[in-house]
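Database features, via Swiss-Prot:
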type     : residues                       : note
ACT_SITE : His306                         : active site
ACT_SITE : Lys308                         : active site
ACT_SITE : Asp313                         : active site
ACT_SITE : His615                         : active site
ACT_SITE : Lys617                         : active site
ACT_SITE : Asp622                         : active site
BINDING  : Asp172, His345, His377, Glu671 : Ca(2+) binding site
BINDING  : His306, Gln477, His615         : 1,2-diacyl-sn-glycero-3-phosphate binding site
DOMAIN   : 1-116                          : domain 'C2'
DOMAIN   : 301-339                        : domain 'PLD phosphodiesterase 1'
Amino acid sequence: MELEEQKKYFHGTLEITIFDATPFSPPFPFNCICTKPKAAYVTIKINKKKVAKTSSEYDRIWNQTFQILCAHPVTDTTITITLKTRCSVLGRFRISAEQILTSNSAVINGFFPLIADNGSTKRNLKLKCLMWFRPAYLEPGWCRALEEASFQGIRNASFPQRSNCRVVLYQDAHHKATFDPRVDDVPFNARNLWEDVYKAIESARHLVYIAGWALNPNLVLVRDNETEIPHAVGVTVGELLKRKSEEGVAVRVMLWNDETSLPMIKNKGVMRTNVERALAYFRNTNVVCRLCPRLHKKLPTAFAHHQKTITLDTRVTNSSTKEREIMSFLGGFDLCDGRYDTEEHSLFRTLGTEADFYQTSVAGAKLSRGGPREPWHDCHVSVVGGAAWDVLKNFEQRWTKQCNPSVLVNTSGIRNLVNLTGPTEENNRKWNVQVLRSIDHISATEMPRGLPVEKSVHDGYVAAIRKAERFIYIENQYFMGSCDHWESKNDKICSGCTNLIPVEIALKIAAKIRARERFAVYIVIPMWPEGPPESETVEEILHWTRETMSMMYQIIGEAIWEVGDKSHPRDYLNFFCLANREEKRDGEFEAVSSPHQKTHYWNAQRNRRFMVYVHSKLMIVDDTYILIGSANINQRSMDGCRDTEIAIGCYQTNTNNTNEIQAYRLSLWYEHTGGKITADDLSSSEPESLECVRGLRTIGEQMWEIYSGDKVVDMLGIHLVAYPISVTGDGAVEEVGDGCFPDTKTLVKGKRSKMFPPVLTT
């Protein structure tokens, strides 16, 4: 099995240590006038993609080690190590992936002569380096890694793995009282995120730090009259934050400044974040609000600060003292328009209840013309312990880089603020948690090991996938990557969508097929990315998504063919989306006008259907490890030099009482299937089983028929629908029906944009 994979794929971790190079020595007669050396650095590329860079050193001594994740075709992969100064290329050394894999020694070590651009060897210029390749199949699985306590977290991250943390997992902003997923006959405590956020902010005594993509100060967090905190009903975020600041709490708000947003001409910007509204609201108050652009050396307006965190102090639980500790929330939710929703994800039945009608995926939509609204499904997490302090540190590093650090609180001067890192008696503080980021030195101080870029979110995804033994469950707003394996040669070259997550999943499935072991992957994404489906950006993102799906199914189909199995690619990999369809009821909101006939808006309203927008960013592996945060599965989020992101990767060290990761997955499945999949179903506790795969797929296919049919039939709370593609036995992806999403003229397979460069849409 492993040898077959190695013949095709350079798949594993390439560790390269750059030691030093021949010292600077100008040739005669320039040695009399050019006595000062220039700072030199080394870059490492896989094919045309730069994957590592050393610091610049005058003495040409670096002693820097890089772990480079690889999942590339063997025949087309070359590693290029280049010695440079700021103004010139001094020389290169190239080695093919095939040479590394067929080397007699596991280690390639030595002083290597460098080659000039004209192909001549520079005998007096050598670079000392060491290369060592570890195939991915040698990675221990999660079960063994945790039993042996060998998993110590992601190496190239700013923050280490922290023990003795408390983690609470959330789905959706709020839940109805009737939402009751159960695990082993015990109700899963599905918490109400926005109520918990309100209570946490209200109880803060020293600091409330918020980093966001957007924030609406007029947003109401608590709206349910049956809440435990009735005094909070109707209170806006802005009112709450101003009140806390007047009590002496340091409230600091750091929002992304969309530089395409120009309030003087009433242009809301490409992303329509309306952050100027927050800035104006907090002006002349004790709340310090700052707008920070995502600075970038090439395209200053193209990328975003996409982190979503709330960090504050909270009372130490189960303590009779007045000690306080740090708590942090992070994930997919911003405190802004359209995010409030429940597990019901209604289209038409809640239009008259709140003043935040949100529908950005239908051109011309507004409340006066009626629904459907855009339902919102998202996931979030709160953490207490050492990892919460790391989220605080991330905020401080970003604020220090772009704002005035003097307005930050000196936490070491707060006497009763403690960091409880040691073992405790609390059963719920049995989590190991690591904070992961996508960020660079332009946006944060104190980068890990002096590296200019951190992409530990990407590395965390890859590490978790490589350790997977049974199944993977993903919910994400986007799913694209691994362009080196795409079918279109032009897309491979121009897209730059090189993150390895999709191909890692496909190679994991292929390896399991060759080993004749069960394995299953479930991926839930939106029907289309947010925005009118006929827009060029949406259509191009759909195109990249189709390339990614096709590549994965092709790899799986080839593995099935190689072993002569009679299984189908969809016995291993399935894509789903969420959707709703509602029959009309008495008492619904009545629009004062109607959409133009034959438009997408008119069709969706007449057919009473629309997608549930999946904004989650989470991955669950083997019910053992969960990665959750703000990062999408695309190049913008995984690159490190594009959007800034934050996430946590975590697992329980003791699951004797409850496996909370499994309970969370089952709660999500309970929501998506309207209670059809519960913890009582044997197959749901064995997600890798063919029974479970076919059970979920059957639900998805049946609900797609109801959703896409001509007759308006209520989906009765079952939102899981099969993504509208057909897959052949050999892994070819084909169209379903007319190839368009219902009510639209938009092709499911998308198409390339003639206007936007791929760097914006990948």
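Glycine is no exception: its Cβ is also placed from the backbone N, Cα and C atoms.
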Quick one, of the active-site residues His615, Lys617, which Cβ has the fewest other Cβ within 10 Å?
His615
For the recorded Ca(2+) site formed by Asp172, His345, His377, Glu671, which further same-chain residues have Cβ atoms within 8 Å of the site's Cβ center?
Gln171, Asp341, Thr342, Glu343, Glu344, Pro375, Trp376, Asp378, Leu578, Val612, His672, His719
Counting by DSSP, what is the helix, strand and coil composition of the domain 'PLD phosphodiesterase 1' (301-339)?
0 helix, 17 strand, 22 coil
By Cα-Cα distance, the member of active-site residues His306, Lys308, Lys617 nearest His345 (Ca(2+) binding site):
Lys617
Residues in the domain 'C2' (1-116) grouped by DSSP into helix, strand and remaining coil:
18 helix, 64 strand, 34 coil
Spatially speaking, which of the recorded positions Asp172, His306, Gln477, Glu671 is closest to His615 (active site)? Use C-alpha to C-alpha, please.
Gln477
Average the per-residue pLDDT over the domain 'PLD phosphodiesterase 1' (301-339) and send me the rounded value.
93
In the structure shown, which of the recorded positions Asp172, Asp313, Asp622, Glu671 has the fewest Cβ neighbours within 10 Å?
Asp622
Chain-internal residues, separated by at least six, CB under 8 A from His306 (active site):
Trp213, Trp256, Ser630, Ala631, Arg636, Ser637, Asp643, Thr644, Glu645
Under 8 Å between C-beta atoms and at least six apart in sequence, can you list the same-chain neighbours of His377 (Ca(2+) binding site), or say none if there are none?
Gln171, Asp172, Asp341, His345, Glu475, Leu578, Val612, Tyr613, Val614, His615, Ser616
An 8 Å radius from the center of the His306, Gln477, His615 Cβ atoms defines the neighbourhood of the 1,2-diacyl-sn-glycero-3-phosphate site; name the other residues of that chain inside it, in order.
Gly332, Asn476, Tyr478, Lys617, Ser630, Asn632
